[in-house]
Amino acid sequence: MFERIFEDKSTLGISIAVLVVVITLLIIWLLKRSKDVKKNFLLVGASNSGKTRLLCQLLYKKNLLTQISFNGKKKLVSLIDIPGQDKVRRKFFTLYKKTAKALVFVVDSSTFQKEIKDVAQFLYEILTDDLLAKSKMRLLIICNKQDIDLSKGQAYIKSNLEKEIELLRKISGSALKSTGSSGDSKMNFDSLIKNINKQFEFTDLKYFKVEFCETSSLEEEKMSYLKNWLIMN
Ligand SMILES: Nc1nc2c(ncn2[C@@H]2O[C@H](COP(=O)(O)OP(=O)(O)OP(=O)(O)O)[C@@H](O)[C@H]2O)c(=O)[nH]1
Ligand SMILES: [Mg+2]
């Protein structure tokens, strides 16, 4: 009888110890996970748009990591440079998109006119990404290489991207109608905008908050908007 009580007690003790260990591990895992997710700014854009040079400029000048934010606290910013080459960019983007707190999309303003179709297609893929599309993501579109004489300004780039995205919206809309299915894991663009009966503008996006700025890695003063944006977001 006494042996039975001892046996029961030791079984109960072991069960409680196991439970405590499991709960502790669960708490550690949850804490680690909450730190890991949504902490990175992803630097995306076509190959040669200037992402790596921007990153080097931000790191080398050391202003970013030591800048004092408005509330007097120092802020550490984590930026991930996603290579722009077609073959690798989807792989890395898929790998890191779940950790993204905001996106920085870099455009080479000096070759914009020539590359507009590719740039718009890349942006369209991001805007319709099933994971990002509804996550109320901030997106800063950087019109880079402003030091080059023939570079297009942000107003030109913005309005031309809107026109191209409108074309892609129409093409994908008619493709959907003809096949009767979306065919992949992308969101239907029309479900992501406020008004489908007019030409697309970035302010029509229901979930993404899009901003534009002009930058040049060669001119320090043309980096300030980007730096402030990274610190404030
Ligand atoms: N004039 C000028 N050249 C720049 C600027 N930013 C980058 N470049 C040049 O553009 C070229 C490409 O820059 P990268 O930073 O390597 O481009 P990237 O976007 O990282 O390219 P991938 O890694 O292939 O995706 C390099 O020769 C840079 O020196 C800029 O603001 N002005
Ligand atoms: Mg690079």
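The backbone N, Cα and C atoms fix where each Cβ goes, glycine too.
What TrEMBL records for this protein:
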type	residues	note
TRANSMEM	12-31	transmembrane segment
BINDING	D81, I82, P83, G84, Q85, N144, K145, Q146, D147	GTP binding site
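Other Cβ atoms within 10 Å of the Cβ of P83 (GTP binding site) number 16 in total over all chains. Around D81 (GTP binding site), a 10 Å sphere centred on its CB holds 19 further CB atoms from the protein chains shown. DSSP assigns Q85 (GTP binding site) to coil, not to a helix or a strand. Largest Cα-to-Cα span within the GTP-binding set D81, I82, P83, G84, Q85, N144, K145, Q146, D147: 24 Å. The Cβ of Q85 (GTP binding site) has S47 as same-chain neighbours under 8 Å, each 6 or more residues away in sequence.
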